[in-house]
Amino acid sequence: RREDAARLRSASSCGSRAVAAMAPRRAAVAVSSSSSAILLVLPLVVASAGLSGYFGTKSRYEEVNPHLVRDPLSLGPTAAGSRLPAACAPLQLRALLRHGTRYPTAGQIRRLGELHARVLRRPAASAAAAACPAAAALAAWQMWYEESLDGRLAPQGRRDMEHLARRLAARFPALFAARRRLVLASSSKHRCLQSGAAFRRGLGPSLSLGGHEVEVEVNDSLMRFFDHCAKFVALVEENDAAMCQVNAFKEGPEMRKVLEKVASALCLPVEELNADLVQVAFLTCSYELAIKNVTSPWCSLFSEEDAKVLEYLNDLKQYWKRGYGYDINSRSSCILFQDIFQHLDKAVEESKSSKPISSPLIVQVGHAETLQPLLALMGFFKDDEPLKANNYVKQTHRKFRSGQIVPYAANLVFVLYHCDQVKTSKEEYQVQLLLNEKLMLFHHSNETISTYTDLKDYYKDILENCHFKEECELPKINVTAIDEL
């Protein structure tokens, strides 16, 4: 699309080299889980210096729903503002979930090992230890992450999913009642398959699911649509120039200040650190909190102001790689968006024909990268100005904050209702949308409820004119030569 070409042209002027490494992608191995369905309720600690609100996509789900700290099965604030007529009954629920809390990836673990080794190589003299208490604490910290953990679901991630399942069942008891059919699909990634299995366990034995056990079906064409979009992979995913704003911010004054402060705290020459290593230290603080429920010594390196800078770095990457930065980021998700409405259409048709709803419950488990483009496609969390390397201060109150949108266990839920005693036939079918269990305001009405007809009209262009194959076809040019775009 012309807009993407223009943005990539401007990106090339940032000084980043345009590199399209068209390396083959490794297929994920699906592994099933048979762990027991034990629901553990653990108290949650508060990260030191109030850092936990700035962990971006590595944020705990409790950051967006603090009431779950006290009671992980609490539904929280009531949906009193929904204004849903009393005579409405839910027909279909379509839930798109991000997997639960996970371990770091192998690459992050390698970088953490490299950083920890540099801390250990410091002079161990008592004077140095006194001057750098943070470094001394980190030298005593045990590096327990192993590369074999590589992004797998953590025990807390299983609890995230089990608790979410129980809360959704409590919120929509009619849909989750016995003998209702559940369709459960997942990305092929191990953490998503395990999250799906944990969600199913959370529903307990009461849901007979039409008399048969549910298996988690792998569907990467919907849950990892981005992998199947050649244009996105070549021009964004594997193109360094597309991340120009991210790279510029890494070299900018805000990150430089954080870098120098961390180097000083560790008694290391600033040349031994870079933005990626500092970010790994910050994310280790987030992992220790989310996975082990502890405030890590890594957290002591950062103030709340540092955390805001590192959150912005994370958000910049999400914005340019998964959000509004390039149109192809969101347009590639239209295959999933259209599938959602095809199933809603079918439920409406079945209801009008007085047939039982064939798929009252559809739950699909994917990634932050599944949800973020879809929400951008729908126009949510869009700021008046793009997020850029040079407008950090201006974006202090931005809408696009990935930790608020897609933390671990993030969920986007479409609920279709059939309503009796309505004034017009158009009002017979209505829809609500929940993000992370909170009702969303629809753009076209500024209400938390919409007639299904109005919702389809609002998104008519996407539903009728977004064709995945054509959208994702790679332009017949040399993708390394951005100027040709």
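Cβ coordinates come from backbone N, Cα and C, glycine included.
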Considering the candidates CYS419, CYS466, CYS472, which is the cysteine that TrEMBL reports in a disulfide bond with CYS88?
-> CYS419
TrEMBL annotation (transmembrane segment) - matching range among 27-55, 114-142 = 27-55
Of the candidates CYS267, CYS299, the one sharing a disulfide with CYS285 in TrEMBL = CYS299
Which number gives the other C-beta atoms within 10 angstroms of the C-beta of CYS419 (disulfide bond), all protein chains shown included?
-> 17
Quick tally, other C-beta within 10 angstroms, CYS88, CYS285, CYS299; top of the disulfide-bonded residues is CYS285
